[in-house]
């Protein structure tokens, strides 16, 4: 995005000068000066100036981020269902030889069978794994808006099968179907958010995704907390029905939003791209001609005669970019995320009472949202690599501390120590690694391959997450490993491996334009040299 700092008079003059930008036959040399002006303008903006000049870009990034509420809601819903008393009574199996007193009557202790507990929590991810591979080609073909609207309409239909399910098997299939549109949303949201805002807003715009993930968990936490004492099907059917609140209103809003100007420029629809830029910013302050020139310059640098394909992601410098996106996505499952996603169930297995466990789950989600807001400041001013590395290091230490606390039996002090450390790990994950991940994912891929890269990256997330969910369920379930806090040793070890990998291979992209990022990847600069490398504004290779 760019701004005309000399006011309306110069703006009008500039628009006349920039008509060549819309001629697809013109080469880069014909509009390079305009592209340089636009890039310099973005570099010179402050965060506050960017918000003032691109208020609608911030708003539409906010709207697109709301899509993440739906996947978050359902992920946390299934995590809470396996700890919900009536759900366990309805669908659980008895633990041989264990009883409890309920209303003065001795009854067998029930839990959701380990295999079904894991299956329920991976069913949505299996569907999303399909969805992310659909998202790339679909978005490259019809754009972010229509791909997302199609996903929302499908979700409305699939929620019916979940709501009327009367067995865990049907719930599994329903979640599988719901997962397909989630895959489209999660692949497209970070890419769209990073493309519609100027450099200074890329971090907060993409980090909003993590904030809405926390909001989804807050809604689930509040609903299941209210219904955990209900002794009929409403205990789980009403939380399921609440999913219908989101798709239709969001579809209407997204129908009204502008298409990504980068996507339009890739398609050669340059005048439409300029109009999109004008809708994202204040017309009196935004020079759409210069901005489109900047986009054309980057796309010409990446230009290929071939249609974007999945195979390209694994060739040349794009292989490195794909591996970074896949690593950052996958590492979320190995550095504390699964404790956050199963917080209520973790608290229950740590020996905390039902009501207290649901209350702690709600508190955890609220704190996560607050800490994501703090991360906007840290990532914007300190950088993505810095926050990711320090956040991962602190989380790794805390995970080992959780494992140590789990070695001290089931006394009240040990239980609360495990619950406290579980809460802290879940919250600090949203201050460092989680929000920084979304920014890195949105910035790393080449523009022309972005929908495909984010789709494959999220696919790697699900491929790692699915076995990890089964592992996490096994470790916590009383009929499985029954490790409680000692699972911290496992996640601490995987977190340490991710920390070392990130130190050597994760570059710092703070304050870099997409042209600069392209050039630095093309030059194969080592990750630790990115921060101190200067790219000349005239360089195109």
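Placed from the backbone N, Cα and C atoms, the Cβ positions cover glycine too.
Features of the protein shown, as given by TrEMBL:
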type	residues	note
DOMAIN	60-510	domain 'Major facilitator superfamily (MFS) profile'
TRANSMEM	59-88	transmembrane segment
TRANSMEM	126-144	transmembrane segment
TRANSMEM	151-174	transmembrane segment
TRANSMEM	211-230	transmembrane segment
TRANSMEM	357-381	transmembrane segment
TRANSMEM	387-409	transmembrane segment
TRANSMEM	421-441	transmembrane segment
TRANSMEM	461-477	transmembrane segment
TRANSMEM	489-506	transmembrane segment
Can you work out which residues elsewhere in the same chain, 6+ from the ends of the transmembrane segment (126-144), have a Cβ less than 8 Å from its Cβ atoms?
71, 150-151, 175-184, 186-188, 191-192, 259-260, 263-264, 308, 310, 451-456, 458-459, 462-463, 466
Report the listed stretch (59-88, 387-409, 421-441, 461-477) having the maximum count of Cβ pairs within less than 8 Å of the transmembrane segment (357-381).
421-441
Candidates 59-88, 211-230, 387-409; stretch with most C-beta pairs under 8 Å toward the transmembrane segment (421-441):
387-409
Local confidence of the prediction over the domain 'Major facilitator superfamily (MFS) profile' (60-510), expressed as mean pLDDT:
85
